[in-house]
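Quick look at what Swiss-Prot annotates:
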ACT_SITE  S99  active site
ACT_SITE  D229  active site
ACT_SITE  H258  active site
DOMAIN    26-264  domain 'AB hydrolase-1'
Amino acid sequence: MPFITVGQENSTSIDLYYEDHGAGQPVVLIHGFPLSGHSWERQSAALLDAGYRVITYDRRGFGQSSQPTTGYDYDTFAADLNTVLETLDLQDAVLVGFSMGTGEVARYVSSYGTARIAKVAFLASLEPFLLKTDDNPDGAAPKEFFDGIVAAVKADRYAFYTGFFNDFYNLDENLGTRISEEAVRNSWNTAASGGFFAAAAAPTTWYTDFRADIPRIDVPALILHGTGDRTLPIENTARVFHKALPSAEYVEVEGAPHGLLWTHAEEVNTALLAFLAK
C-alpha cells in the first residue's frame, strides 16, 4: 500500500496512507473526524468521471495511517499536508477540506502560501473560531463543552461514536432515505479503527483560532455548508466565515446535516464541480 512518511515517534516512522487516481488537475480531499480518505467515495467518483486526478489521504491517527501519540495540532497537520504535496510534486492543485479537514486547508495556505494551489474549498467547515470567548461571541461553545467531548471519548469512544453519528447524519430525519444503516455502520467501523489517542486529541484542535489565517487565502474559495448541520451549526461557522472571506463563493445546502458528503452527495458534487470548472 502507498504511504508517505511525515515524521518519527521513537523507533517507528509516522506514515500517511494515501490514494492517487486519475489524471488531470489534481484535487486533494482532506477528510473529517473520525473518518478516513474513503469517506470521499461519492465525491471521488464524480471527480474522476469529470476528468480530475483525485488524491485522498488519511490524517495521522486515522484510517490506515500510523497512530502516533504526537502531532495533533494544525501546524503539524498542515506540515503533513505540505509533505504530501511536495512528495507527489503537485502543482495547480485544488485543496478540498471537509469539517476538521478544512483546518488543514486554512492553516496550509496561511503557512505555506499558494504557489502549488489553484483553488480551495471548505465543506461543512469549522472556521473561523469555534470557541466562544469574550472577543468571539459568535463561537459555538465554551471550552468546557469540548472538554466534555474529550472526557466522553476517553470513557468509551465506541459508545461516543454511536451518538456522534446520530447528529452527524441527522439520522432521525435521514436514516432509510438519504443514508442506510449499512453506511452508518461503515462510518462507525472506520471511526473505531482509528487510534485511541487521536480520537481524544482531535477535539482539542477543533477550537483552533483560524481568524488570522483567513485573510491569507488569496485564491478562489468555496464555502459550502448544510443548514441542518447539528455538529458545526452554520450560524457559528459558514455564515461568519463568509463575512470574513466575502470573496468566496458561498453555498448553503438546505436541510443538509454535517455528513452531507454522503446524504447530499448530488448537491455537494454539483456545487463542487461547478466551482472547479470556473
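Glycine residues also receive a Cβ, built from the backbone N, Cα and C atoms like all the rest.
Feature map: Swiss-Prot annotations on the structure.
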residue	record	Cβ neighbours (10 Å)
S99	active site	27
D229	active site	27
H258	active site	26
Cα separation, H258 (active site) to S99 (active site) (Å, whole number): 8
DSSP three-state assignment for S99 (active site): coil
Reported mean pLDDT - the domain 'AB hydrolase-1' (26-264): 98
Between H258 (active site) and D229 (active site): CA-CA distance (Å): 5
